[in-house]
Amino acid sequence: MTAVATTADNQTICSDRLTFRITPGAIARLAPGLTAFLLSAIACIRYQVPVLEVTRFTLENCWAILLPGVLTHRALRGRPTDLVTELAWGTVTGLAIQLAAWAAFVSAGAGSWLIVYPLAFVAVFTAVPRLRGCWTLAPYVRRTGIRTAWALTAVYAASLVVLVYYTFRALPLPPRTGLWYQDMYWHAAISAEAMHSVPPRVPQLDDHVLIYHWFSNAHMAADALISHVDVVTVTGRLWYLPIYAAITLTTYVLTVSLTERAWAGVLAAALIVAPAGISVVSWIGPLAVSGYVPYSPSQVFSLPFLAFGVWLLIEAARGRLTARGWVLFVLIVLGTCGAKSSALPVLLGGACLGALVSLRDRSRRWPALGAVALIGAVIAASAKVVAGGSSGSTIALNATVIRLEAFRVFLDHGHPMSEIHLAGVLVLAIILIQFLYGATGFALLHRSTRRDPAVWIFVGIFLAAQLALFLINHPSMSQMYFVEGIDPLWAVFAVWGAVAAISRARCDSSWRAVFTVMVGYGTIGTATVFVIRHLVGHHQPGARSALHRMLFAVGVVGIAVVLTAVLLILLRRRAPVVGRLMAAGVVGGLLVAATVPSVWEGDFYQARRDLDARPNHRHLSVAEVAGARWLAGHSPLSATTATNVYCLPVRTVPHCDARAFWVQGLSERSSYLGAWAYEDQNEDNLLHQKQSDYIRSFWDVQRLALNNAAFADPSPAVLTQLYDYGVRWLYADSAASRVSASLSRYAMLRWHAGTVWIYQLRAPQV
């Protein structure tokens, strides 16, 4: 007989049985997971990743993320009761541990030895008697149903299809010449820099430390160091797949932990792929309604951390977190702080509101306040290290609204202030309507659940995100990441509320009645959205007509909301059975109306396609790609280069679009001076110069002049000065600007093709 210990949240700590049987039933249960893996592998192989690299990367994830993560999670929280929960929380824990190991090894100059760090966990969990039980392979207390497992696989497959179609197709790997979306070159360069420096330096200004939420780049660097897969391949392909799987699993597990319904977890995971959002005015478009933003690796990387952080925060606010659980909470909060700078502030908003609700309960008061203190302290301590990306931001009322064309058209034509104010209110209302489906979560305000701090944690997170969206004005509209980051959480909250409403209706009515009412309301809601969209039109009209159409859309939705609320209140008092049945219908209708039109019309993915397709219309030359890749393979990892490439497209002109990050991204080497559009100083200058934030001259005139002189007017003095600054290689592209023929007299020509020359600087003669 096997003795099993359990934690406060009913998770087994360990078992003394180390048996595992391979049976037909076990194979059937593993089939969904194997299918998900095969689909991922096929997607990568189809898009230029060799089978050997896929294999190495898979083994690296199992060895360096899952193994330490699962063991540590078992030691701190106990063994979960099912495999899916183990994989979800174990993966996030492993990601946090990998970041810590990366920092330790790379800062010590031992990045090439990073592969050995899991041996420390193997040794400790083998040598310490109390921890040996964490190696158990005993059957889990609960099994995930086969249908649930296949449904989760289908959801992940859907996210994979979207990733492949809109991202992999737009990011051709070298030696192909298609130009990537510029941000991905920027991230590839940071990831390459993170392979040898902690914290990473700015790849385009190699003597500047990067102040940015760069943990996703550190993760890619660690993956590349351990798997020995090129960092460009990791950045453009491989790293997405386990993180997308983690997003699916953590969303599912968080929902199931709250609802105790497997179908609810699948529904929540599906909602973020759809994505859900009630968009009644298509020419305003869906704003920040999906967390899947593949061209923002930090955004994608933060989602599993945020989901686990919310669950641990809920456990703390409920008074269930043990001392070891707090250690894990600290680890996850630290991992979240540098994953995305918008993640912890919204978590703090949830912690504050949850703590406010917990003040009446002595057993919950101090843990809830402790969570607030922990998150606040980490935000304060990390602000100057990993909370970058906010330069140039200002505080402005209705900040996001005033940046939208639907509102700016009123400013451009001198309309009366009354119309301008009304337009601002209407645009704001239309944006908020997109999140209306989450109102199903307010079914949790029932007397049986309204004192649960978890409910208020979700409300606080949503309020914090919305405040940031409408008060922070960032030059690149990055305030939208606050609400994009909570998209999975908003889906969880919506589904949790729907489960509560349906469960109450089921007390008095049959499943058939509840389902019929939900389908009926879903049909009405979907038809209403389609009709409004049709009447409002798919293209923005003139200002006066736009005002009338927005007023119509907001008016119809407002009247529907008010009438529904009044009817529910009346029925609750006079016919409670009918009221509960109608409430279930309303929540079902909201979820259907938020999903079906979104999928059918494809607003979000149409916008994504418009963004992703643009790079494919432009190409680098074969020589430009080949030269950068030659430099990556023939220079030290920490080498500093100089280049004359700054602008998109390649030719350098005054006030160009300074986002040509491809030299640093493809060469995996930092530069003395590269494209500067994303540097903090450039963003700060926007407060004083009103040109486009990407089209602005470099602020350090002397540095720019020295760099340009090395290519256009080289001399021993100029090149010696660059050498003294640490530059050892020159990447010269005559398609960008003039490259002097005399450069070969002062530097050693190492590679040439087409318009590209690569020189190695000699040590100056003393």
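Here the Cβ of each residue, glycine as well, is placed from N, Cα and C on the backbone.
In TrEMBL, the transmembrane segment annotation falls on 578-600 of the listed ranges 210-232, 578-600. In TrEMBL, the annotation transmembrane segment applies to 296-314, one of the ranges 30-48, 296-314. At the 8 Å Cβ threshold, with sequence separation of at least 6, the transmembrane segment (420-445) comes into contact with the transmembrane segment (454-474) through 3 or more pairs.
Listed by sequence, the residues of this chain that lie at least six past the ends of the transmembrane segment (149-168) yet keep a Cβ under 8 A from its Cβ atoms are 29, 32-33, 35-36, 39-40, 43, 46-47, 84, 236-237, 240-241, 244-245, 247-249, 252, 263, 265-266, 269-270, 273, 292, 294-295, 605, 608-609, 612. Take the transmembrane segment (480-502) and the stretches 83-104, 238-255, 321-336, 454-474, 578-600: counting Cβ pairs under 8 Å, 454-474 has the most.
Here the transmembrane segment (296-314) does not lie next to the transmembrane segment (578-600) in space: the count of CB pairs under 8 Å, restricted to residues six or more apart, is fewer than 3.
By the count of Cβ pairs under 8 Å, the stretch nearest in packing to the transmembrane segment (321-336) among 83-104, 238-255, 366-387, 454-474 is 83-104. Non-local neighbours of the transmembrane segment (238-255) in the same chain are 36, 40, 43-44, 49, 53-54, 57, 61, 65, 84-85, 87-89, 91-92, 95, 152, 155-156, 159-160, 163, 167, 216, 219-220, 223, 229, 261, 264-269, 272, 291-292, 294, 297, 300-301, 303-304, 307-308, 310-311, 488-489, 491-492, 495-496; each lies 6+ residues outside the stretch with a CB under 8 Å from one of its CB atoms.
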